[in-house]
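Some notes on the structure that comes next.
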Amino acid sequence: MENNEAPSPSGSNNNDFPILPPPPNANDNYNQFGDHQIRNNNAAQKKLQQTQAKVDEVVGIMRVNVEKVLERDQKLSELGERADQLEQGASQFEQQAGKLKRKQWWANMKMMIILGVIAVVLLIIVLVSVWPSSSDSGSGGGNKAITQAPPH
């Protein structure tokens, strides 16, 4: 019996296991599976390259986004500083406006007092000039009642 033949049913073989065909030639295995493995490797490498390209694209986008976030943070800091400066300037303006308002109120009050005093002085002058003086009425040259005796 040759190695390629199946065992006889009578069991003339020393063991009860069937005889297996010889393993394929190593060169035959490479030719059958090598081309398939190379194709699989090429496909895997292509997928890997595509994935790497996508990762590189995402990394680039993320870098741009991080730069934008940093720029935004810097602009917000500058805006906050400007807001603080404007608030301080507004506070100073409010204080100065209050002082100026009080100063103008006092100036207006002084002017009203001066005008009031001038008006009182003018009124006194007018009253004195129109009212006869007390010295004129006591000299006898004033209004005397004329009495005449009846003619006889």
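Cβ atoms are placed via backbone N, Cα and C, with glycine included.
The annotation compositional bias 'Polar residues' is assigned in Swiss-Prot to 1-16.
Feature annotation from Swiss-Prot assigns domain 'v-SNARE coiled-coil homology' to 47-107.
Sequence annotations record features per position, and here Swiss-Prot assigns region 'Disordered' to 1-30 (among others).
What Swiss-Prot records for 133-152 (among others) is region 'Disordered'.
Confidence across the topological domain 'Cytoplasmic' (1-110), taken as the mean pLDDT and rounded to a whole number, stands at 82. What Swiss-Prot lists as topological domain 'Cytoplasmic' is 1-110.
The topological domain 'Vesicular' annotation in Swiss-Prot covers 131-152 and rests on sequence analysis.
The feature transmembrane segment is assigned by Swiss-Prot to 111-130, with sequence analysis given as support.
Per DSSP, the domain 'v-SNARE coiled-coil homology' (47-107) is made up of 61 helix, 0 strand, 0 coil.
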